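Student: One structure is given below, represented as structure tokens, and several questions about it will come after.
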């Protein structure tokens, strides 16, 4: 049997790309979305539940360390999750999707079980397992799990990505409640982490089996037009979008890291404090789905920018989270609107792509730059919050609000440039 010629392969590729413009679902499409949700459940869900670790480490495992030192563990983990998007995006475009999620799953699972063996007051053990090891695994898993939805959806791409990202909120809810109860119950830290690890094992194994790519990779299309990196790097509108996203992420996760510590510092019982983060993440499930369905109708920028402005404004409502009602109200509002930004920034960045082949590269660049904000934002907030052993909460909240609102301004300017380029306000 003779092998297909490059021209024939490229012809099939063009046909697949043309058909993908009208693709809007199917069984394999939704199985891939389900698998992506499972991956986000395990990875980004763990990132969003780090506040549980922050509170437990502060009072037990790493009690001799200040909040800023402890938050570096979660920040490095989050940094590697997003920074890994640059190499993972390139590998995804070259057709190494299954290699990425397979290797990422193995590294992540090995690291979480190593975390369960970490001893109290051994900062380096926790940092290596949770910050470095789990972070590298997340980096290989995160972007391919989101980007592969572009193979199956165009008209409803934002909605599909929202469903994938909603998996992270569901994971954060379940992990936050489960880990709080296990860490502070008879199971303890080690078996609490192992319980999460066994859940991850089942979900990541299933995701590897059911997810599939649809379009031929660049390796299978030798005549495919190469990605124009120079054009991407000189795209002012795209870079304003990246800068806006970076500023927003610099402050956006401060409540996710510190709400439980804040509520307990203001006298709320641990039973109430335990549920502060799950409430916020439960609201984020709706924030990552409802705005996305609306974004497919009126455009991701038109929904994302108001969500970002509102998130920056209601940051100050965290001052009211000193009782049960205030904690729940803040958690619901902030979880919903911050979720709207998180789920829409990916399709917004992808909307600058002139070709489907650019999507992985553009999202990878965006993720890589965002990673530096996520690396530094929460440690800065921790350093601002804790002075000589006591907390001064207005300082990190003002910092977070200002940078989120500055990000919204950059996103507005980015939208204006894209609107002129595409001659439409539906963006």
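Just so you know, the numbers here start at 1 and follow the chain as drawn.
The backbone N, Cα and C atoms fix where each Cβ goes, glycine too.
Annotations in TrEMBL come from automatic prediction, not curation.
Take a look at what TrEMBL says about it:
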type: TRANSMEM; residues: 29-50; note: transmembrane segment
type: TRANSMEM; residues: 70-89; note: transmembrane segment
type: TRANSMEM; residues: 96-117; note: transmembrane segment
type: TRANSMEM; residues: 123-146; note: transmembrane segment
type: TRANSMEM; residues: 158-179; note: transmembrane segment
type: TRANSMEM; residues: 191-211; note: transmembrane segment
type: TRANSMEM; residues: 232-252; note: transmembrane segment
type: TRANSMEM; residues: 272-291; note: transmembrane segment
type: TRANSMEM; residues: 303-322; note: transmembrane segment
type: TRANSMEM; residues: 328-351; note: transmembrane segment
type: TRANSMEM; residues: 363-385; note: transmembrane segment
type: TRANSMEM; residues: 391-413; note: transmembrane segment
Student: Where, among 158-179, 272-291, 328-351, 391-413, do we find the most CB pairs under 8 A to the transmembrane segment (232-252)?
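Tutor: So the stretch in question is 391-413.
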Student: Does the transmembrane segment (272-291) reach the transmembrane segment (363-385), going by 3 or more CB pairs under 8 Å (6 or more apart in sequence)?
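Tutor: With fewer than 3 qualifying Cβ pairs, these stretches do not touch.
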Student: Cβ pairs under 8 Å only, please: of the recorded stretches 96-117, 303-322, 328-351, 363-385, which one is richest in them relative to the transmembrane segment (158-179)?
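Tutor: Answer is 328-351, with the largest number of Cβ pairs below 8 Å.
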Student: Are the transmembrane segment (29-50) and the transmembrane segment (123-146) close enough to be called in contact, which here means at least 3 C-beta pairs under 8 A that are separated by 6 or more residues?
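Tutor: Counting Cβ pairs under 8 Å, at least 3, so yes.
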Student: By a Cβ-Cβ criterion of under 8 Å, what residues six or more beyond either terminus of the transmembrane segment (123-146) are in contact with it?
Tutor: 35-36, 39-40, 42-44, 46-47, 53, 57, 61-62, 65, 69, 72-74, 76-85, 87-89, 91-92, 97, 100-101, 103-112, 114-115, 117, 161, 164-165, 204, 207, 211, 346, 360, 363-364, 367
Student: Under a Cβ pair cut-off of under 8 Å, which of the recorded stretches 70-89, 191-211, 303-322, 328-351 contacts the transmembrane segment (96-117) most often?
Tutor: 191-211
